[in-house]
Structure formats: structure tokens, C-alpha cells
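Visitor: The annotation active site, charge relay system is assigned in Swiss-Prot to Lys204, Ser280 on the grounds of similarity to another entry. The annotation substrate binding site is assigned in Swiss-Prot to Gly301, Gly302, Gly303, Ser304. What Swiss-Prot lists as active site, acyl-ester intermediate is Ser304, and the listing cites similarity to another entry.
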Amino acid sequence: MGKKRVMVPAKDVDLSSIKYEPEIVQAPHLTGFWFRFFVRLIEAPLIGPFLLTMLKKENKIDQLLRNTVFPEEPMFKPEYPPQEKEHSVVELDEDGRPEGRVESALNCLPHYDPAKLWENSSATFRYWKIRDYAYAYQSRKVTPSMVAESIISMIEENGIDKPPTPLLLSFDAAEVRKQAAASTQRFESGNPLSILDGIFIAIKDDIDCHPHPSTGGSTWMHEVRDVKKDAVCVSRLRSCGVIFIGKTNMHEFGMGTTGNNSNYGTARNPHAPDRYTGGSSSGPAAIVASGLCSAALGTDGGGSVRIPSSLCGVVGLKINYGRTSMEGSLCDSGTVEVIGPIASTVEDAMLVYAAMLGASPANRISMKPSTPCLPTLSSDDDTDALRSLRIGIYTPWFNNVHSTEVSDKCEDALNLLSKAHGCEVVEVVIPEIVEMRTAHLVSIGSECLSSLNPDIEDGKGVKLSYDTRTSLALFQSFTAADYVAAQCIRRRIMHYFMEIFKKVDVIVTPTTGMTAPRIPPSALKSGETDMPTTGYLMRFVVPANLLGLPAISVPVGYDKEGLPIGLQVIGRPWAEATILRVAAAVEKLCGESKRRPVTYYDVLGAN
């Protein structure tokens, strides 16, 4: 590996000397027979380690981890200095009733008259908001049971819960009818639990939602792990009257960014059925984009909420690490993954977020989270807060995309925001981006392996899909020393970002470096390995996961093929209110260009 590299302490790095190095991922793109053959090779006792060593050498992974000296101590979980309070916000009681937090969130929203929009059809496409459903229920135009019947018929008639292109992996019409009947009764009695009462939400298949099994997109996880109750975040939503339509498709165990699932079939992008949805929360993003439900819950360990949200043209919120409990999810002990909402609008994501938030007792002790807040979008203070906003952009990184259509559209949105609200755009420098990517890969890979290893050792590994086996082979090559080195890098990157956040309030990037990739027909049966595409999809999402920061993807337009493009807003620690405020402003400026997906179900209009 050559002479070792000794890093200067992060606090002494001269940012003026930093030169951006484009991230180039070196790995073959394989499908079909050659992919299956490749997997068998890397799993072989002798040749496998050799091939993995060569791949890691090509991508400088071993050089960064094993031939570099980092003076920083490891940071095994995100640690933050004390943060300033956000401005023009409402504080929420995370120990209070979820219904109360949802009511507070509702009071933060700007004025909206569903009756006017309900009665006057518009040529401009828009998604039905949660407030539209609430108005329809309260005015007795429809009932939750009527909407449930529409959803059930759409699911059954279009094979949405069946191969070869399922959005749902677990669906029970009787269970949906039961929940809808209870909600209908509450409305008839004049006692809805909250504005979320009667709202239909889907749950990613690595989050427990009783009585459905949790498979993680695999063929066997439900055989070794019983679901006896809801995950904590699901339970909070249920207490608000939410109706759960089932468990959604996903990239097996979250180990992929396209959404490919050779076990059950691959979900398709509602804007282009020959394109991937993005992953790993493929089903949640696609089911929201297709109009079947108002929101969904996904998990995000490496962009898995934001990537598919961007590719499917919806909103995806990655909350701060530790902001809500992970209890009841398949990955409840890692340091990079969180549960977050996907919704058709920023305000709907905000309402769902308000219901589900609440740190676990352990994280309250170790992380000392700031009080959760929401932006007061309904007041004049919102305008003042936007006017004083400082937006950070690292231009060479921002522009390192597969097609300039992506960066151009995101830059247009940024210019609109600056022109409309007088926001200041500040050029920043982010050092060691390649090191950051490597540290994230080792962290999430080691944590996934630790979670799955007991079942793999028990013989379940051979039942995994080929692309999952590829990922696990790489993860198994990491050592304890690699993991510690990755955590030293985490501390360095945290220092850089905390220094940047002394100058700016948010950092803005494209959400992904490309629009939705085409699905190779040869990848449907056995999956594929395409690390260069993964590199483009994950280019901008890694900091929020490695550092635990809040981030949101909001749609800003389309490329020349009609594929959605998302803008990502990354916030300071615990600053969900700020990124929600920025996303709401961007959505308002770019919302008129929203297009109806090719695959769209008008659930509320059908009644």
C-alpha cells in the first residue's frame, strides 16, 4: 500500500488548499449469468478475498482505512456541541400525546381552503393533501370506509400486492376494512382522534406493523422473527387514527439504492414503469407517488428515504438520528439509520413527523436532543426567518452529477428561493468527501452484518438475493480496525460540518446525482451489481447518515424525459424545523410544475 499517510488534525486543515476530487466508483456492472457467477467467486474461500481486495484497492478503501493515521479519537455515535435555538418555531412535547403534537403541527400550517379546491377542478395536477381528506370526511362527502373500498379495489384489480411488480408485500383487505370502519364510526360520532384519523399510510417492510409480518424484503426473516406489536413510531400513528394499508416492497434488508427485489418482484417508478423507484424504500415512495396513500414510513441508513423520494417526485424527510425511537424495526441498534416519513407534500410529511417523533430513553441520556420544533409557516415570522436564512453550497460537489439537467434544475430552485425571499447563498468547502463516503460504507456495512450475522451463520445466508450476498461479502471483509478508523473519520467530518454551520443555516445539494435509472430486463430475475450507479444515487446523501443530521428531499422539476429531480436540504443537528421551512418554501415556488405520474390512482376523486 506504500508509505502511510498521516492526516493533519481536522482543526488545522487549511480549507483554502482543498481541491475537490470527483468521486469515481470503480466496479463492474453485472446482471444475469455473469452476476451469479461473480457472486459465487467472491464467496469462494481463496479467490473471493483476492477479488474483494482488488475492488477495495481500485476504490482506495484499504488505503484510506489501513494506511492512514487519523489523530482524532473515534466517534461511535453522532455527538454534537450545544445548538442555538431555531427561530419562529413552535416547541413540541415529545412526552405528550401524539394527537396533541399533530394538533400543534396543524396550527403551524398556512391557511388552506379545501372546500374551494374540492369544488373547482383545476387543469394543474396536484396530490390530495391530508387536509383534503379531513375536509371530505368532516363534510360527509365520503367516509374512510368508502375510500378504503376504492383503495382495496385498486390494489386487487391492478395486482399491486402481487408479482411481478408489487408495491405491497403484505396486504389484508379485511384488516383495512376493520380499521376504516372504526374511523368511520368516530367521524359519525363527531370524535375523530386527530386530522390523521382516516388517513391511509403504508409501512416499509422492515418496520413492525401488527398483524403483518416483517420480512425486510427477504423470503425468510418472518420465520425467525415474530411481530407481536407495532413499532413505537407505528403505535404513535395508530393512536392518531391512521389506517395502515400494509407493508411495502423494499430492496432486501435495505442493501441497495435501486429498489430491485428479485424475491418478490421489483416495484416500478410511477413516472416511468421501465425505471427504478430508487431504494431501499422503493415501495413507500412509489405507493405515495402513485396516489394510493397520503404518506408512508421508510427507513434511511444511506439515503433510503431521500433517494426514492427524489426519483419518484415526492417529499422524503430524514430526521435527526435519535429524534425518534427505532424500537420495532429490523435495524434498531445501528448508528446511521432512522425511520422517516415519505409524503406527497411537505405539510403532510410535517404532520406525520409530529405524530411519530420522540427519542428513546437511551438516546435522551446519551445524545441530549434539543426540544423538537416545527416552523410557524402560518405567521409573518416565516417570511422573516427565510429572509435571514444563509444557504451553503459547495459548487464543485453540487455540480458533480451524471447529467447537468439535475444540477441546473436544483440551481434554478435555489435562485428562485434567493430571489423570492432574499436568502443569502454562501460558498462553503467540504473536505475529505471520499473519506466520508468510505467511513459511511464501513459503518453501515458493519452494522448490517452484525444484525444479520446470527441468522447467516444459522444457514439463512444462501436464501439471500445475489445483490445482498455481494454486499455482505464486502462487509465481511472489513475488520475491527477498519470500523474504528471509520469512526475516527466520522469525528473529522463532524468537525468540518460544525464549522460550516457556524456560517450557514443549511447546506443545499441535489438529492441524487442522476434521475431514475432504467431497469435492465436481465436484472429482474437475479438482481444486479452496479456500483457506479449507486455512487451517483448516494453522492449527496451520506453526510446526513454518517453525522446523524436532519435532511429532506423536495421535488423541484423534471429532466427532458419527464423524470423527477429532487433538491436536498441538510440542516444543523436537531434542526428539522429549519429544513421543513426551507422545503415548504421551495415546494411553493416549484409546485406549479408538478406532473401527474403515468401510474396514478385518484383515490379520493374516485368517490
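Heads up, the Cβ atoms here are built off N, Cα and C, so glycines get one too.
Note that the coordinates shown come from a computational prediction; the quantities given were computed from them, not determined experimentally.
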Visitor: For Ser304 (substrate binding site), which DSSP three-state class applies?
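Guide: DSSP assigns Ser304 (substrate binding site) to coil.
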Visitor: Can you name the residues of this chain that are 6 or more positions from Ser280 (active site, charge relay system) yet have a C-beta less than 8 Å from its C-beta?
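Guide: Correct list: Gly217, Met250, His251, Phe253, Gly254, Met255, Gly256, Thr257, Gly259, Gly298, Thr299, Ser304, Pro308.
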Visitor: Suppose we draw a 10 Å sphere around the Cβ of Gly302 (substrate binding site). How many other Cβ atoms does it contain, all chains included?
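Guide: There are 29 of them.
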Visitor: Whole-number Å distance between the CA of Gly301 (substrate binding site) and the CA of Lys204 (active site, charge relay system)?
Guide: 13
Visitor: In the structure shown, which of the binding-site residues Gly301, Gly303 has the fewest other Cβ atoms within 10 Å?
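Guide: It is Gly301 that, of the binding-site residues Gly301, Gly303, has the fewest other Cβ atoms within 10 Å.
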Visitor: Around the C-beta of Ser304 (substrate binding site), how many further C-beta atoms are within 10 angstroms, looking at every protein chain?
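Guide: Result for Ser304 (substrate binding site): 35 other Cβ atoms within 10 Å.
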Visitor: Using C-alpha atoms only, work out the spacing between Gly302 (substrate binding site) and Lys204 (active site, charge relay system) and round it to an integer in Å.
Guide: 15
Visitor: Measuring Cα to Cα, how many Å separate Gly303 (substrate binding site) from Lys204 (active site, charge relay system)?
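Guide: Here the two Cα atoms are 14 Å apart.
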Visitor: Please classify the secondary structure at Ser280 (active site, charge relay system) using three-state DSSP.
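Guide: In the DSSP reduction, Ser280 (active site, charge relay system) maps to coil.
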Visitor: Applying a 10 Å Cβ distance cut-off over all chains shown, what neighbour count does Lys204 (active site, charge relay system) have?
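Guide: Around Lys204 (active site, charge relay system), other Cβ atoms within 10 Å: 32.
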Visitor: Around the substrate site formed by Gly301, Gly302, Gly303, Ser304, list the extra residues of the same chain whose Cβ is within 8 Å of the site's Cβ centroid.
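Guide: My list of surrounding residues reads Gly254, Thr257, Ser280, Thr299, Asp300, Val305, Arg306, Ile307, Val336, Glu337, Ile444, Met538, Val541, Asn545.
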